[in-house]
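Going by TrEMBL, these are the annotated features:
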- GLU269: active site, proton acceptor (ACT_SITE)
- HIS284: active site, proton acceptor (ACT_SITE)
- HIS1233: active site, proton acceptor (ACT_SITE)
- LYS1261: active site, schiff-base intermediate with substrate (ACT_SITE)
- GLY900, MET901, ARG902, GLY903, ALA904, GLY905, LYS906, THR907: ATP binding site (BINDING)
- 81-192: domain '3-dehydroquinate synthase N-terminal' (DOMAIN)
- 194-367: domain '3-dehydroquinate synthase C-terminal' (DOMAIN)
- 417-862: domain 'Enolpyruvate transferase' (DOMAIN)
- 1346-1427: domain 'Shikimate dehydrogenase substrate binding N-terminal' (DOMAIN)
- 1462-1535: domain 'Quinate/shikimate 5-dehydrogenase/glutamyl-tRNA reductase' (DOMAIN)
- 1595-1624: domain 'SDH C-terminal' (DOMAIN)
- 1-393: region '3-dehydroquinate synthase' (REGION)
- 1341-1633: region 'Shikimate dehydrogenase' (REGION)
Amino acid sequence: MVRTETTIDKVSILGSESIHCGFHLIPYIVQTVLSTLSSSTYVLFTDTHLAPIYLEAFESAFQAAIQDLPEEGRPRWLTQTIAPGEQSKSRETKASLEDWMLSHRCTRDTVVLALGGGVIGDLVGFVSANFMRGVRYCQIPTTLLAMVDSAVGGKTAIDTPLGKNLIGAFHQPSYVFIDASFLETLPRREFVNGMAEVVKTAAIWDEAEFAKLESGVAEIHSAVLGDSTRKTCAGRTLETRSAAQSLLLSVIRASIATKAHIVTIDEKETGLRNLVNFGHTIGHAIEAIVTPDVLHGECVAVGMVLEAEVARSLGALGNAAVGRLARCIKAHGLPISLDDPLFTKLAKSERLKVETLLDIMRVDKKNSGNVKKIVLLSRIGKTLEERATGVQDDVIARTLSPAVKVNPGPPSNTHFKLATPGSKSISNRALVLAALGNGVCKLGNLLHSDDTQVMMSALVEMKGADFTWEDNGETLVVKGTGGKLSPPLANKELYLGNAGTASRFLTTVCALVQPENGLTHTIITGNARMKQRPIGPLVDALTANGSSLEYQETVGCLPLKIAATTDGFKGGKIQLAASVSSQYVSSILLCAPYAREEVLLELTGGIVISQPYIDLTIAMMAEFGVQVERLVVDGKPSDSYRIPQGTYTNPSTYNIESDASSATYPLAMAAITGTTCTIHNIGSNSLQGDARFAKDVLEPMGCTVVQTATETTVTGPPVGQLRALGFIDMEPMTDAFLTASALAAVASLPALPERLQDAQQPTNSTRIGGIANQRVKECNRIDAMRTQLAKFGVETNELEDGIEVLGIRPDQLRTGASVHCFDDHRVAMAFSVLAACPGAHGAIIEEKRCVEKTWPSWWDDLSRKIGITISGVELSDSPVASTSQPIPRHSTDASIFILGMRGAGKTHIGKIGAAALGWPVLDADDMFLTETGETAKEYVNARGWPAFRVEETTILKKIIAEKSKGYIISLGGGVVETPENRELLKAYGHGGGPIVHIIRDIDEILAYLNSEPTRPSLGEDLRDIYVRRRPWFHELSNFEFVNLISGKPKVVKTLANGDIHGPPPISTTKGAEDEVARFFRFMTGVDTNHVNLEGSQPTYFLCLTLPLLTAPHPSLDAFDELIAGVDALELRVDLLSPDGRLPTTPTVPDVAFVATQLASLRQRSTLPIVFTVRTVSQGGMCPDEAKDAIFELMELGVKSGCEYVDLEARWSTRRMRDFVNKKQTTKIICSWHDHSGALQWESEEVVERYKTACEFGDVVKIVAKANSLLDNLAMLRFRETFKDGPPLMTMNVGPEGRLSRILSPVFGPVTHPALPASSAPGQLSFAQVQTGLHLVGRLPAKKFYLFGQPIAHSKSPLIHNTGFQTLGLPHVYGLHESATVDESIRELIRAPDFGGASVTIPHKLEIMPLLDEISSHAKLIGAVNTIIPITKDGETKLLGDNTDWLGLRELIAKGLSSENDRTDASTSLVLGAGGTCRAAVYTLHQAGFKTIYLFNRTRPNADKIVASFPAEYNIIPLTSLDEFPGELPIAVISTIPAQGTATEFCPNPDAGVFVPKSVLARAAGGVLIDVAYKPKITPLIDLAERTEGWTGVPGIQMLLEQGYKQAEFWTGRRPPKTVISDVVLTAYDRDMK
């Protein structure tokens, strides 16, 4: 036997070196087994997944080796495969393998090889333990999890219906062969799954190995996920092994060695072996719920973090160790919390409740009663005990719970001493400084938080620093690169979450990056809130300095694309607006030494915010060797800084000061509870502005403060004896205002007199100023404090740059408060102080984990070190506990307030909306003039803006009091600048009053205002004003409208050659105006535009898969054809993309971009819109984890007036209820999609999905995957079961599910051939569905007719048959010509297959007696041109109607726009008094005209028409067209044959009516309709086309429009108007030639 040279690492277990590790071991395995395990039969078991990959290699190697053995006694080689997966680990499979071995005459000397993962190893090991009372076997694990866990230790087992691994044996393998090359074929997720066990083993046993796992993430993963070595066998020998392979094998071997050592000491799991269950007590409970969707290692990863937090809560483990563990697990791609999308995307995640998890843990044989056995760490690499420790349920529950209940004090410790975590501000600055510096720096007391983690990760991605840990994670060792940075590999985006400090500092750091290996840029991005936080001033300054930065979504916010250039950061003179954030200043300061030129930084924009933080940055730069000079002007420090060129020199050590902002919470706890607190490492020498909190805030409130250079001690007054502050400017310590506000809530004693601002200030008032920047932090903190303090019954007011809090006694605080934290750490900690107030009632703090940003152990320290009793809380799903209550439904006549920037189009939009509702418009500017006698400009020029704002508030109060019903009220753009105005509007909106924000592109606004001189100057840059006001507009409005109407409309004229192809000539702004009308009617509830989903006719929506709706596309050119037949449009928001290409990777489109796309779609159609944001797990393209961004988009759908919004049922009950509470007039489609094929229509699971969807949806949608045609029948049975519930959308995806799409009657999603792609597999077009319905007998063919004479040349058959064919309808339209209404017509209309008929001369009157009903329209017009069969309760009745007037009304609506200035006094004109005249008169009255002129050359005929209509029609017969008794007409309808009319341009001496051009002299233009078909260009159409502002509509368009109406009446479907029009007009052109 030829031996292959192989390098092997051996591990001893139970006294034998039986674990052999290496790469490409198949030859070695064969040699070792054959030479050391002599046998007559070798059997290899594997699964059907692995067999195609490895079986041939094993077979050929064994057969070749066996052939080298002496012929006599050669052993047999047998193989057998089984199905993969946990289901094979059963009694049945075990028995089948044993029977197979017996049938192949295997004996007791058989050697079994188990090639596979944990299932194969456990199963085959158990077979080996039992067969012939035990045979030898070898484990050959192919997954990392099996290599480091199940294959080592001899535990074998199978599953039973009652649980996993319940029947098994300890049976040690002869060998365990660890071939790390097998991992190359493992899916990445499976590899990462195994890394959980590797991390676990290092965490409990070996800190040095853990450090390898921390620092070697990229190398470890590249060894497996990089280029394959299967062909080269690289790594088999030490000489061919790469560094990455060596590291991978090293960590695998170390993990195995640890387990082997433990097993050797405790083989049968009586004590020490329990240590390998670290993370498993909680992890197994999680896994029991989410398996098989989430893997074992993924569940254990979360379990490890949670069990480490349990250890921390008991005081056994430090916060640094918890942070290291979580970061390491996360770095390897594993989840660290149950908030990870792996869990949240599952419907099963609803079962991950605390009590459920504890119940599952109780079943574990290691646990008993209310005590659970958990392995507790004492540090990385060491456990508290050498066994699992008993932990009480309440301790575990507090860790698992998403919220905490903070009980009222006093604390058990009357004098608590502690040091807060390292300062976030200093930590982030120190990381940047040390990374940019030369040399090694050891950072002590670094904050372990999300913020610092993203900063470190970003610096590593840019090769900006190397990080290692010392002192068990207490010290971070930073090796700087001297300012040399590279773009992230593969253009990877740097995701910064909601870390504002990191985002601002890194913006300038990225400007230092040099291009490398074709990588030319860096992109920094964040979560949804981060994408709203401003960064514009910093970007402007860097751009002006020569750096290239591009906004990728919203201007002024992340994401940013920052170019890497060889020139780097230019430097020189830089001007920066610093009134929003001092972090902009610090960002430039930190990087300035690396600029090409010495930097002179000038701060502009008024008062610089947070100067102490700028001073902090300068002081830290000095400690790293760079001295910044603050220039002095006139003996005073200026806002200019000179920063010399240079390189930071890293100090050997740098101790980070404790966080002064965080220190405010324990200090405030002493103040509110009357106890004493001492904070170490923060005193009068602190660099941080918040260190002044004790002296400047607590002392004036009545506390005793003792502060040394490095320590602060506060003793609070007796409980309830805190004084109000009066006024305090907290600009130097803005983050601390939340703590001060919480204290002010119970500061009921009068403020010191000298602290009150004026005599009107209440004595219990605390006014905090200088904190305007807190509106753009993790949330709008001022608003957050106000809304949450209100839950305690505390009254507050919003100030221009702050907040006023009116203190009350502790016993007056309301009970039952549940604080929503807005994912803001400072909100959570501030309210924990208020909740602990003795004499009050405590409170629930939701989103408890948000404190991890700055103080991850806050809840543990609050309990253990301070002594406040806290408990875990599972948030209730009931509406009472919801963070948002339903928006009240306003009455349909509640006045609509319009907000928006000056020039946004508020007045214009308001007028269109008012016309749609028939309401008056009230412009606040006009009312201002009425009330003051001066225009706004005059008033401001005379008295200034402050006086104007006061008067504006007075007028707003009057409007709300006196005009709250039936008005459209356009408010000034600056009304939101005043806090009192915002309160007034907020109260109106919260009471259900509609407030709409008009949004318009800022560049368009600027262009408009530059040409508009009547408004007063605002005195500052409009873009800055826009950035400031935009959050207020958004917050105050409950609706938003994107205004795409710009400029005067361009009227589409008929071409000179008479070509009238395409739609009738209309204004280009018409679509936008139609949308305004729809929007206002929807907003008020007058017409919600919802589809009747409970009728007998199936309903459909078209799934739009266009990525860009504002750019040309063939589908948009054929849009009318696209939407034909459907009842609504689905906007797939997740498929939108600014680059015009369907997204290929999961992403969330920008909100502003989506709003514009939605507005563009609305201009094309007023069909109802289904607004859908589909996530990846539900078949879409939005990342499952982007929860906040997705809900923000769905709220956009509601605020934009979408008729339907799709809400996936995968979200938490609480989050869904909060959203549903905001839905207003929108209806919710609550949906669940399962594309895996696992969801069965007969299962309990689908019933649960249905019940959940019913709870939150007005419409329920459930989608499964069909595995066979029978699944479609199962779907129909499901529909029948729940037919009495809300409208139910059901379907099966996939080829086998197409029948379900045909049979589903409610909102069936359809596609169209003109779209670039369908939105789901198996989706059909509307026409295909109709064809299918006909084929299965659900849509019988009908016959339609035209009755009349002569009709041979009628275009009606062409109109209707074209429509039927395009829509896939099986109907036929034909001619039935007769001189009279005879028996043949009677028979046709009563036939079972009669679908409807058109009626023309001479039968329009004679047909009436044959019909069952005549519509009121037809009666008054005196003619029936349409017969409509109506079937109800099995009985069919024939209705006679008239569609001529509907066609005419549609043409008037299309031909007029707001630019025609129609008013209540506008008039209309009818020419002629023949039969069509009656339809024309009726049309104009129905169109709202209060005056109708009528001219006929024979006056008596005109008088007859007048007499036949009610007096209210106000028909005025004219004797001449030369003059009119009132306004000139805006709408003219001629019913005279073309040869009977003449104009000065088309003279005709035989014409009976001459129409002077003065008839069309109305300055604002209008519309003229000539019902004559011939010639193409009649004299009147010619006249209209020659007249500015007038639109001429030829008679062929009337024929088409009335035909469309007929088709819609007959079929209930929107006809394909463009297709029909093209066909008919082509034929018409041909006839006219």
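For all residues, glycine too, the Cβ spot is worked out from N, Cα and C.
These numbers come from a predicted model, not from an experiment.
Residue density at MET901 (ATP binding site): 23 other Cβ atoms are found within 10 A of its Cβ, drawing on all protein chains shown.
Within the chain carrying the domain 'SDH C-terminal' (1595-1624), a Cβ under 8 angstroms from the stretch's Cβ atoms is held by residues 1060-1064, 1097, 1118-1121, 1123-1127, 1167, 1342, 1344, 1355-1356, 1358-1360, 1362-1363, 1366-1367, 1369, 1371, 1395-1396, 1398, 1425-1426, 1428, 1441, 1443-1444, 1446-1448, 1450-1451, 1569-1573, 1578, all 6 or more beyond its ends.
Spatially close to ALA904 (ATP binding site) yet at least six residues away along the chain are GLY973, ILE998, ILE999, ARG1000, ILE1005, ASN1043, judged by Cβ distances under 8 angstroms.
In this structure, the CA atom of GLY905 (ATP binding site) is 41 Å away from the CA atom of HIS1233 (active site, proton acceptor). Note: the Cα of LYS906 (ATP binding site) and the Cα of the residue listed as 'active site, schiff-base intermediate with substrate' are spaced 38 Å from each other.
If you compare Cα positions, GLY900 (ATP binding site) sits closest to LYS1261 out of the active-site residues HIS284, HIS1233, LYS1261. Note on proximity: of the recorded positions HIS284, MET901, ARG902, LYS1261, the one nearest HIS1233 (active site, proton acceptor) is LYS1261, by Cα distance.
The recorded positions recorded for this entry are HIS284, MET901, GLY903, THR907, and the Cα of HIS284 lies nearest to that of LYS1261 (active site, schiff-base intermediate with substrate). You'll find the Cα of ARG902 (ATP binding site) roughly 60 Å from the Cα of HIS284 (active site, proton acceptor).
With helix defined as DSSP H, G or I and strand as E or B, the domain '3-dehydroquinate synthase N-terminal' (81-192) counts 50 helix, 33 strand, 29 coil.
All protein chains included, GLY900 (ATP binding site) registers 26 other Cβ atoms within 10 Å of its own Cβ.
Other C-beta atoms found within 10 angstroms of the C-beta of GLY903 (ATP binding site) number 20, with every protein chain shown included. Listed in chain order, the residues near the ATP site other than GLY900, MET901, ARG902, GLY903, ALA904, GLY905, LYS906, THR907 are GLY973, ILE998, ARG1000, ILE1005, ASN1043, each with its Cβ within 8 Å of the site Cβ centroid.
Residue pair GLY903 (ATP binding site) / HIS284 (active site, proton acceptor) shows a Cα separation of 61 Å. The two recorded residues MET901 (ATP binding site) and HIS284 (active site, proton acceptor) have their Cα atoms spaced 56 Å from each other. Within the set of recorded positions (ARG902, LYS906, HIS1233, LYS1261), the lowest number of other Cβ atoms found within 10 Å of a Cβ is recorded at ARG902. Counting other Cβ atoms within 10 Å of each Cβ, the lowest count among the recorded positions HIS284, GLY905, THR907 belongs to THR907.
Across the range of the domain 'Shikimate dehydrogenase substrate binding N-terminal' (1346-1427), the DSSP-based residue counts are 28 helix, 19 strand, 35 coil.
If you measure from the Cα atom of HIS284 (active site, proton acceptor) to that of THR907 (ATP binding site), you get 62 Å. Note on the domain 'Quinate/shikimate 5-dehydrogenase/glutamyl-tRNA reductase' (1462-1535): DSSP counts are 25 helix, 19 strand, 30 coil.
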